[in-house]
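Quick notes on the structure that follows.
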């Protein structure tokens, strides 16, 4: 009787095992069946995965969804276009300064216009040098910060586009209205009276010296409406603050002090009228805020009857640069150059749990 009961028990267990085997589909069979049915491309598992699945059948294959579309594509070629746009307008500005310089009336015939700030504050000679030094420090800080940004290509083309557009506006304003020099201390270079070769030399001198007075390259007059120094001081601070962590308040404060002191020194040096500085600050901040509001809000990227910002002349250019950027850019940093390079990195050192089990099984057998 014991033998008969044991045989019945073994038969019962064998039938249960067969039933469970018939209802269970191994990962390898699932993949092959999927390929046969045409639901996907035929796939085969690696030896490690196959052996690991046989040894440990509780591991089942989970089909992972395809990688979602990158929300922040780098698109460096667009950044290159924005850089060319900014460079063109900067060169155009030097050409326009050279042209306008020939139209500036002599200070003996057209004295400086009345300015309330000049009435209350006397001129300080060294103040303009402080302004230019502050500007160079801010530019240096911004370039360094930009190099460590993870999405530097997107931020870079925003900076180049805004900077180029501001200098395009500056070309227009200084050409249509030529103001007399703000002070009798100005020593303007002599007029060339149609000497094209000498004008080209002046343009190259302005470009090589960055248009700065401390480099001795800015000896021309007429570029008063509006202040290019104020544009640089304001725009670099706005980008530094926007693309740095919010808890870096001390960093923001130092940059704000550099920017504010530089703008005040422009007026203290009597190098620009007060209206030049006010207009430069207003246009720079508004263009920066409008652009980033449109870039961060999906609804503002679409031209519609209710989106009045889409009626700006530069909206098609904005849409070209920002149409693939989904949402606000996170404040992330990364090394400018990865080390070690990708050619020295071995992907064979990375294993999944199942692959590791499969290799252990091979060694044991």
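Positions of Cβ are set from backbone N, Cα and C atoms, glycine also.
Of all ranges given (198-218, 219-239, 303-323), Swiss-Prot attaches the label transmembrane segment to 219-239. Checking the ranges 59-79, 80-100, 101-121 against Swiss-Prot, the transmembrane segment annotation falls on 80-100.
Looking at 128-148, 338-358, the stretch flagged in Swiss-Prot as transmembrane segment turns out to be 128-148. The candidate set comprises the recorded sites 331, 332. Of these, 331 has the most other Cβ atoms within 10 Å.
Nearest Cα neighbour of residue 332 (S-palmitoyl cysteine) among the listed active-site residues (229, 272, 276): 229. Sequence-distant neighbours of residue 272 (active site): residues of the same chain at least 6 apart with a C-beta under 8 Å from its C-beta are 182, 224, 227, 229, 230, 266. For the pair residue 276 (active site) and residue 331 (S-palmitoyl cysteine), the Cα-Cα distance reads 34 Å.
A Cβ distance under 8 Å defines the sequence-distant neighbours of the transmembrane segment (273-290), meaning residues of its chain 6+ beyond its ends; these are 113, 115-118, 162, 165-166, 169, 173, 179, 182, 224-228, 230-231, 234-235, 238-239, 263, 266-267, 309, 312. Cβ atoms under 8 Å from those of the transmembrane segment (128-148) belong to residues 155-156, 159, 212-214, 229, 232-233, 236-237, 239-240, 243-244, 255, 258-259, 261-263, 265-266, 269, 271, 333-336 of the same chain, restricted to positions at least 6 beyond its ends.
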